[in-house]
Amino acid sequence: MAEAVEEGSFKQDAVNDSCLLLNLTRSLRVDGLDREPFPAHDCSDLVKFIVNTAIAGNLCLLGLVGNSVSFVVLMMDKDSRLAAFLLQSLAFTDNFFLSWWFLHFTIVDAFAFFHLDRAFHVSWLYVRVYTYPLLFVGQTGTIWLTVLIAASRYVAVCWPYNAAKYCSFPVITKAVLCTLAFSVLYNLPRFFEVCIVVNAKTVNSTDAQSSLAYTLRYTRFGGSWFYRVVYFNVLYIITSFVLPLVILLFLNTRLTIAYRVVQRRRNSLRSRRHDHHDHSITLVMIMVVLLFIICNAPARVVQIIWHYNSYQCPTAAFILNVISSVMEVLNSSSNFIIYCAFRRQFGSIWLAGCAAPPQLATGNRTKKVQTTNWTTLANPTMLLLEDHKSYTSQQQVE
């Protein structure tokens, strides 16, 4: 007979210290074993089920689908190959983050709400120990890939003469790989934060019956001052909030100013219609960074405040803390909408890929689309059917 229990000291430390880290440790449901079988829903379970399972769970699913579609469509975008690669990397990392968030929040809170957490508690302990750090790997990767996107576009727009040196495809590829490697290495200590201890527990002193007690405890490294204060708190605030936010605010402000200046200059030479197509990729990246700032900055502030002042449900502070983590889900799930709204070519490629082959074959007309490199190409729908050279000659004839 196996029984799962939690050590009281770990439970108390988890409640006090985990709020800064997206409130993830609280999602362990370590207090579930102290309840009577099938108790009434408490306020915390109800709020978390509504926010994390009903609302954020659907956001996760929509985000996973949207990011997957974006990845495929961006793969077909040949006019902005470098920007498409960066956005593909971000879509992949967002899906990685959403997948683990869905497991550690949506599913866990659903199990707690329907009182299924005790039945799966032992299995969940092992899942938590080995997958909990992966959520932070995805979070770190999403943050710093967004910084890389802003930096690359800043160089391309504000330092155009250095773009060939710093924004070439090999350089950006290495930068993406280094960012992903940093995300893994930086979060490597989290794999050694806790461990599972199995002890024998006496059930009946008369018959000397015993059961196995599964205890989740901090390791010596996980409970050390260096880990809890320096790494867990100070470095997390710097690398996940202060430093990326300052960099993004600076880069996005300068990029927006430069974008508007270039817009005004080219408006005097070109029509607004052409200019819209030429700079749509820059506008997309500005909006991606802006969405990141809007969603993550308030969430981090709330989590830091919560870390030093714990509040009980149903206070407004408790509800804000639960919602703060959902803001990060919203950020990772909304880029598809930005691509559709601010880049027409994205929608054209997407619709071309969704069109049935017979409909594509019978179309003889081509719709001109202005691209970012000042050239006029045929509709991407027709490019799927005929060789590019034939369309080059067709453009010359026209």
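Every residue gets a Cβ built from N, Cα and C, even glycine.
Curation plays no part in TrEMBL annotations; they are all automatic predictions.
According to TrEMBL, the transmembrane segment annotation covers 55-75, 96-114, 134-155, 167-186, 234-262, 283-306, 318-342. Annotation comment: TrEMBL describes 66-339 as domain 'G-protein coupled receptors family 1 profile'.
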Positions whose Cβ lies under 8 angstroms from the transmembrane segment (167-186), at least six residues beyond its ends: 81-82, 85-86, 89, 93, 137-138, 140-141, 144-145, 148, 152, 155-156, 239
Stretch in 55-75, 96-114, 134-155, 234-262 most in contact with the transmembrane segment (318-342), if contact is a CB pair under 8 A: 55-75
